Amino acid sequence: MAFSKNILDSLPPLISKQIFEGFFGFEKENIRVDSRGKLALTPHPRELGEKTSHPYITTDFSESQIEIITPPLPSIAESLGFLETLHDLVSIELKDEYLWPQSAPPILPEREEDIPIAHFGGEFREQEEYRLQLAKIYGRKRQMFSGIHFNISLPERFLELLHEEGKQEQPFAEFREDIYMKTVRNFLRHRWFLICLLGASPVIHKSYRKHCIDMLSPFAKDAYHFPYATSIRNNICGYRNTQDFHLNYSTLTDYRESLQELVEKKVLRDIRENYAPIRIKTTTDPKRINHLEIRLLDLNPFFKTGVNPLHAEIIHIFLIYCLLCPEETSFTSKEQETANRNQEQAATEGLNPGAIICDADGNEQRLDKQLAHCLQEIQQTVSPHLPPEYRAGMEELERLVQNQASRPTDTLLKEIKQEGFTEWHMKQALKFLKKSHDEQFIFHGLRDMELSTQLLLRRAALRGVSFEIMDRQENFVCLEQAGKREYVMQASRTSLDNYISVLSMENKVITKKILDQAGINTPKGRSYSSPSEALADYPYYRGRAIVIKPKSTNFGIGITIIKENNRHDFFAQGIAQAFKHEATVLIENFSSGKEYRFFIVNDQVVGILHRVPANVTGDGTSSVQVLVTEKNKNPLRGRGYRTPLEKIKLEETEEMFLASQGYSFATVPAKDQRIYLRENSNISTGGDSIDFTDKVPQSYKDIAVRAAQALQVKITGLDMMIDSLEEDAAEDNFSIIELNFNPAIHIHCHPYIGKNRHLDDKILDALGFTGAEEAGEKA
């Protein structure tokens with residue numbers, strides 16, 4: 001083809017860097033194991049949905065082998081974030097089981113037939129039959145290797161620009177295909193480079209196939225290895241076809257025909273049996289390449305996702321190198337044989353600097369020299385077009401080549417030697433599980449979005465509901481499953497509520513009038529349309545506890561509480577503050593009691609929360625400062641509204657409030673003595689959220705539902721003041737302050753004290769999104 005890096009060099013730098021755009025996705029396999037590191041023999045968990053219809057969670061060869069799949073996303077970071085979120089969701093749902101973090105299998109049953117093949121019934125029975133055939137050909141133990149598949153598509157607009165700028169005579173479709181095919185050929189030629197640097201399966205447990213164990217040397221307790229191996233998964237003992245075969249990579253048609261010929265000759269049972277290190281993938285149009293699937297990557301057991309983000313960048317850099325580097329010959333059978341031998345050498349001898357690798361001309365070279373040469377080629381070819389965000393990846397690549405001790409295999413061998421194969425990997429599995437629990441409110445890759453939205457999308461992903469982020473800043477998403485589509489904003493603004501109901505909740509005057517008409521108690525008060533009008537009524541409010549607030553407010557903005565209303569200047573300040581935010585202001589009697597947030601979905605109270613100001617409880621020996629530091633270690637606490645609770649601050653405001661009580665940061669509270677650092681109970685200032693769903697009498701819940709029905713709302717957060725939970729609701733012992741049209745769900749899902757009320761699930765239920773299993777039955 002008439003394509004070289006010279007064409008790329010002729011483009012403006014800002015345009016040439018677009019070559020690093022595209023879409024990215026990951027497929028990851030993990031074996032489920034028990035607490036001893038033995039293969040779990042239990043069925044695929046029902047909590048993970050139906051494996052045949054779930055878009056993100058399924059099984060691979062074995063019923064015990066979970067596969068998680070991300071959708072194509074426009075950056076590696078987003079795709080890895082989605083992968084990590086799926087990993088967290090799966091890990092948390094497992095009961096007394098763990099995700100094995102290593103590509104090499106865990107402790108396997110002695111008899112191969114005891115390894116459960118993934119079960120598929122009904123119309124999907126063929127998938128199980130196919131796996132049974134693979135078991136006969138390869139054995140079940142060989143199929144228990146797991147790995148990472150990295151899916152990458154090249155940027156379409158860049159390819160179009162490249163075609164136009166290069167004044168190519170061939171049609172764009174042919175030009176595009178040529179670029180993809182050239183990239184594949186060069187990847188296959190040089191794949192040994194990635195295996196040598198990124199391999200992470202150097203050791204195998206003794207329960208693996210006896211034929212392979214007999215070839216290996218003892219390494220650690222119950223573990224064996226090739227002395228210089230980087231990736232047993234990629235060598236003669238690993239996950240590969242029974243024989244090497246050569247495909248025609250000239251064009252997509254040639255490739256497909258050569259693959260089909262192997263099926264017709266019974267070399268392969270099915271084209272799915274092509275275990276090549278890279279696959280060419282099409283979708284609805286079989287004549288058009290959609291993306292490339294890189295399949296040679298081991299799980300990196302030092303990372304929860306199995307992927308070092310910098311190594312993902314390295315793979316992308318390497319793929320761009322394969323696109324750009326010159327290609328002098330077609331990928332002949334002889335070249336393919338050389339590439340296969342190089343793969344075997346890299347996988348089996350990759351830690352031996354003196355191992356032999358054949359260069360592009362077929363000449364034998366020392367491995368260390370060829371690594372350095374390949375790095376230099378990549379730097380010269382790719383660096384001029386490297387975006388700033390990929391510089392760390394390039395620097396990591398340089399470290400891996402120049403310092404063998406920095407490679408995952410080298411570090412892994414030291415850990416296994418010291419602790420044991422099973423012991424070390426189980427320690428990693430437990431560490432990752434704890435991290436998953438600690439971060440169970442995060443959608444990785446979407447951490448800039450509201451926490452409530454992240455929670456909703458997490459549960460949507462677990463249910464197999466696909467989603468699109470329509471407006472990231474507005475937290476506006478589209479949910480879709482089995483032909484059903486719903487739009488949601490800020491997790492709780494949905495199609496279930498009509499526009500007039502939202503307006504009624506937004507306008508506090510209207511809210512009060514509607515509730516009054518329904519005979520539901522609200523604070524007595526008046527509305528004012530000018531500061532002078534409100535100030536004129538000061539004599540009426542003097543000496544009474546009042547609340548001054550804008551007509552339309554949220555998050556407590558513009559609200560002033562005056563409990564002893566004896567100073568006109570304080571009253572005037574409150575009026576001025578409220579009118580800064582709204583043209584109409586309410587002045588109401590202050591309602592006594594404690595404030596409770598009722599969350600209502602479809603005429604049901606699904607959560608009730610009480611908020612307590614920032615505080616610490618003494619242990620008799622620690623100062624307030626130490627107690628705050630310790631309390632802030634809770635993984636639910638963070639900064640910037642990215643966690644369910646905020647860290648308690650030790651600043652001037654807290655210092656002044658402590659001083660007003662006769663305390664300081666150095667005060668040592670008595671055991672069980674509670675000291676408050678703030679007067680307001682906002683979560684945003686370090687307050688505690690306490691679940692009261694099961695403690696509030698039913699009479700108050702009934703009133704809350706009546707209030708929601710009066711405004712004809714299906715999802716709302718209702719704030720109610722209650723004098724005492726020891727009494728049932730009466731005419732004078734409660735008051736509804738307001739109803740909110742976009743209430744946060746995260747405070748109910750992860751309270752400081754109490755259980756998760758799963759409001760994310762409740763909203764998905766209300767919208768009609770079932771689990772993946774039920775969706776599959778309906779589809």
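Backbone N, Cα and C define each Cβ position, glycine as well.
Feature list (source: Swiss-Prot):
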type    : residues       : note
REGION  : 1-346          : region 'Glutamate--cysteine ligase'
DOMAIN  : 512-768        : domain 'ATP-grasp'
BINDING : 539-597        : ATP binding site
BINDING : Asp719, Glu738 : Mg(2+) 1 binding site
BINDING : Asp719, Glu738 : Mn(2+) 1 binding site
BINDING : Glu738, Asn740 : Mn(2+) 2 binding site
BINDING : Glu738, Asn740 : Mg(2+) 2 binding site
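All chains included, 22 other C-beta atoms sit within 10 angstroms of the C-beta of Phe571 (ATP binding site).
Ile587 (ATP binding site) is 14 Å away from Glu738 (Mg(2+) 1 binding site) when you measure Cα to Cα.
The 10 Å shell around the Cβ of Pro539 (ATP binding site) contains 8 further Cβ atoms across the protein chains shown. For Asn740 (Mn(2+) 2 binding site), the nearest neighbour among the listed binding-site residues (Pro539, Lys563, Ile587, Asp719), judged by C-alpha distance, is Asp719. Per-residue pLDDT, averaged across the domain 'ATP-grasp' (512-768), gives 92.
In the three-state DSSP scheme, Glu595 (ATP binding site) is classed as strand. Taking only the Cα positions, the spacing between Lys563 (ATP binding site) and Asp719 (Mg(2+) 1 binding site) is 19 angstrom. Counting every protein chain shown, the Cβ of Lys563 (ATP binding site) has 9 other Cβ atoms within 10 Å. Neighbour counts of Cβ atoms within 10 Å were compared across the binding-site residues Val547, Ile587; the minimum falls on Val547. Recorded residues Asp719 (Mg(2+) 1 binding site) and Phe571 (ATP binding site) have their alpha carbons 24 Å apart, per Cα-Cα distance. For Asn740 (Mn(2+) 2 binding site), the Cβ neighbour count at a 10 Å cut-off comes to 21, with all displayed protein chains included. DSSP classifies Ile587 (ATP binding site) as strand under the three-state reduction.
Applying an 8 A CB threshold to same-chain residues 6+ apart, the list for Glu595 (ATP binding site) reads His610, Arg611, Ser681, Asp719, Met720, Met721, Ile737. Residue with the densest Cβ environment among the binding-site residues Asp719, Glu738: Glu738, by other Cβ atoms within 10 Å. Under the DSSP three-state reduction, Lys563 (ATP binding site) is assigned to coil, being neither helix nor strand.
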